[in-house]
Amino acid sequence: MAAIRDYKTALDFTKSLPRPDGLSVQELMDSKIRGGLTYNDFLILPGLVDFASSEVSLQTKLTRNITLNIPLVSSPMDTVTESEMATFMALLGGIGFIHHNCTPEDQADMVRRVKNYENGFINNPIVISPTTTVGEAKSMKEKYGFAGFPVTTDGKRNAKLVGVITSRDIQFVEDNSLLVQDVMTKNPVTGAQGITLSEGNEILKKIKKGRLLVVDEKGNLVSMLSRTDLMKNQNYPLASKSANTKQLLCGASIGTMDADKERLRLLVKAGLDVVILDSSQGNSIFELNMLKWVKESFPGLEVIAGNVVTREQAANLIAAGADGLRIGMGTGSICITQEVMACGRPQGTAVYNVCEFANQFGVPCMADGGVQNIGHITKALALGSSTVMMGGMLAGTTESPGEYFYQDGKRLKAYRGMGSIDAMQKTGTKGNASTSRYFSESDSVLVAQGVSGAVVDKGSIKKFIPYLYNGLQHSCQDIGCRSLTLLKNNVQRGKVRFEFRTASAQLEGGVHNLHSYEKRLHN
């Protein structure tokens, strides 16, 4: 029997061992040994906890030039992301990508709603004239989603300010033919041109009004500050905003057809910050040509290309100028691409290989598909992705499109893949977002690569996203990393270790041997 060692030498003894416990990420993801892996096939080994979970920073790169406070992104699917989802994803620190299975005008209007939701100084406020009718003002309220409009002599910015019209001024006015000048609030409180944002917010706190109008020395309207924006700043400290305009960040998707060029022009005009080139197989001449055109036509617009699952696919898109990559093929809960097309790759292996390659060129990657819980998100980030795109996890939330319905006593919402027949036939035209995404716009017989279904009501993302945020912080704490940057660095250096899971190990790691149980994710 070997002699018992002195307990004081335990740390030194671990240093003398031939190798650390567990596997490095390179050893884990060796396809020659283990084949293709997905998130359930491995675990991350725990590290040293010497900090509180609240200290963990989840700040990350979405693209080369856009940084988010949380690594969570909503998918551009027509049952997941429209203006409401995109708005609250941005307020909560992530970003939403508005789908394009709709008219270009409708999509641009959704982008505009997000951009108008929160501002710093509103340098281009919507202005009306004294002769605008109450009915027209009410219509503008419906169109823009708010009702605080400055009134100038000619209805234009940089003209003399004569009043302001608010929802209180018109809410109970039944005669829509009345003119704004008859019901508006005159002599509103103003601030002098040149005040700082913090000074303007202090004035708003003191005057207890809905907005502060900024004028020059001649009384001409220059810009505006909103009290609701001040409140949102307090309620949503992690919000994703443009560094220049202080508006919420908003993304959208487009296809790779010529018609999508005009769509993009409308989106950029509406204030779009980042665009996804939406294709199930991003390594195509169509996407490469579109990518080059976008970078030439809108050099300031960030472009995320994809989808890809191999280094070779990624190389073509990086060389064409992609600012970010989207990884995944056939791994979503509503996707049947791997089954039907025999193409794709297990998501863990795809994320690791593409990220390892793309990170050498400073191109952030987004893991898209196969994510079912906080653990999966943590694993995707550990394998190298900068953000994680969620479709099914956000479907069924209050902010997702569609109406709730009841089936077998359960409250449900529709959720479908963009490769489903329902999505392909949504607009009644062959060349819609769904068919172009799967290269099917000219097919007489549509081949589905997705299914249509329903998901249970998940409540609001205003509770769900903070749950994911706190869960990710706790995951990083268990691993022993104070930030996502440190997590990635320690994975590459071999300090963060992994373990491969057998089928029995996966069974052991789940709930088992209970007669019944309730799985509550958060309070």
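Here the Cβ of each residue, glycine as well, is placed from N, Cα and C on the backbone.
Record features (Swiss-Prot):
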type	residues	note
ACT_SITE	CYS335	active site, thioimidate intermediate
BINDING	ASP278, SER279, SER280, GLY328, MET329, GLY330	NAD(+) binding site
BINDING	SER333, ASP368, GLY369, GLY370, GLY391, GLY392, TYR415, ARG416, GLY417, MET418, GLY419, GLN449	IMP binding site
DOMAIN	121-183	domain 'CBS 1'
DOMAIN	184-240	domain 'CBS 2'
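Annotated features, which come from Swiss-Prot, shown on the structure.
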| residue | record | Cβ contacts under 8 Å, 6 or more apart |
| --- | --- | --- |
| MET329 | NAD(+) binding site | SER280, GLN281, ASN307, VAL308, VAL309, THR337, GLN338, CYS343, GLY344, ARG345, ALA350, GLY369 |
| GLY330 | NAD(+) binding site | ILE336, THR337, GLN338, GLU339, MET341, CYS343, GLY344, ARG345, GLY369, GLN449 |
| SER333 | IMP binding site | GLN372, GLY391, GLY392 |
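By a simple count of nearby Cβ atoms, those within 10 Å, the most crowded of the binding-site residues GLY328, GLY391 is GLY328. Comparing Cα positions, SER279 (NAD(+) binding site) lies closest to GLY419 out of the recorded positions CYS335, TYR415, GLY417, GLY419. For TYR415 (IMP binding site), the nearest of the recorded positions ASP278, GLY328, CYS335 in terms of C-alpha separation is CYS335. Sorting the domain 'CBS 1' (121-183) by DSSP state (H, G, I as helix; E, B as strand; all else coil) yields 19 helix, 14 strand, 30 coil. If you take the Cα of ASP278 (NAD(+) binding site) and the Cα of GLY417 (IMP binding site), they are about 13 angstrom apart, rounded to a whole number. When the Cα atoms are compared, the residue listed as 'active site, thioimidate intermediate' and GLY328 (NAD(+) binding site) turn out to be 11 Å apart. Within 10 Å of the C-beta atom of CYS335 (active site, thioimidate intermediate) sit 25 other C-beta atoms, taking all shown protein chains into account. Taken residue by residue, the domain 'CBS 2' (184-240) breaks down under DSSP into 20 helix, 17 strand, 20 coil. The Cβ of ASP278 (NAD(+) binding site) has 30 other Cβ atoms within 10 Å, all protein chains considered.
Across the residues annotated as binding IMP (SER333, ASP368, GLY369, GLY370, GLY391, GLY392, TYR415, ARG416, GLY417, MET418, GLY419, GLN449), the two Cα atoms farthest apart lie 16 Å from each other.
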